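> Got a structure for you, questions after.
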Amino acid sequence: MSSATQSARFSPSPISVEHLGTIGYVDAWDRQRELAAERAENLGADTLLLLEHPAVYTAGRRTEPEDRPTDGTPVIDVDRGGKITWHGPGQLVGYPIVKLAEPVDVVRYVRRLEQALISVCTDLGIDCGRVDGRSGVWLPASLDNGQWLPERKVAAIGVRVQRGVALHGFSLNCNSVLTGFDAIIPCGIRDAGVTSLSRELGRDVTVEEVTPAVTAAVVAALDGALPVTDHDIERVTFDSATAEKTAAAPTFTTVQYG
């Protein structure tokens, strides 16, 4: 059996799913740590927390001072990987609190989460995938009404593994008001944008609509029923693009989302 079809979890027992509705970030973080402490002692069950947060900025361990809001907006510093991001209404947040199979492979675990979200977005009709060196789910640069849009992230991933147990997880922009990202450098990436399912599909896509599919895909990916496949997006390099592309390419920092 290949690693792509093996379970990423230590336990063969089913994953428990908790729907927490809208919950403050610190309260959800406390719940994560409570569950993680149990799993580290081989107690309780692997659990997928699904929720929305009120608007909040959270900063991972690699956040630089220049990535933070310039207007003094409060930021919660957290112990996950990655940099700063925004959470808020219209964004599905998932925290799989999972004891990982040994030997622990954090990169493989992140690829499982990406695969689940790529599968959901693809089934909705969105062309998306991975970008080498950048976690999450991305859309390729594309031409929209004569204007080139940069690569843009529809789902972010940031995790921490402690005592063999994964915490934190992913966020999928459904019908979020994306202006929350304007005050920061999302994930510390300056040459790309942020988007949502609703923006890309041209219709309202709610958290409630996608939650069942995301739940099923995450469980399947972690259990090896949804194999990890190569799914990199096509990169547009404007230096080597056609004359037509080069002429139409805007300065990426001027492209606004939200």
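Glycine is treated like the rest: Cβ placed from N, Cα and C.
Take a look at what Swiss-Prot says about it:
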ACT_SITE  C187  active site, acyl-thioester intermediate
BINDING   R80, G81, G82, K83, I84, T85, W86, H87, A156, I157, G158, G169, F170, S171  substrate binding site
DOMAIN    42-226  domain 'BPL/LPL catalytic'
SITE      K153  site 'Lowers pKa of active site Cys'
> Do you know the mean pLDDT across the domain 'BPL/LPL catalytic' (42-226)?
89
> To which of the binding-site residues W86, F170 does the lowest count of other Cβ atoms within 10 Å belong?
F170
> Give me the count of other Cβ atoms within 10 A of the Cβ belonging to G82 (substrate binding site).
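The answer is 22 other Cβ atoms.
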> Highest Cβ count within 10 Å among the recorded positions R80, K153: which residue is it?
K153
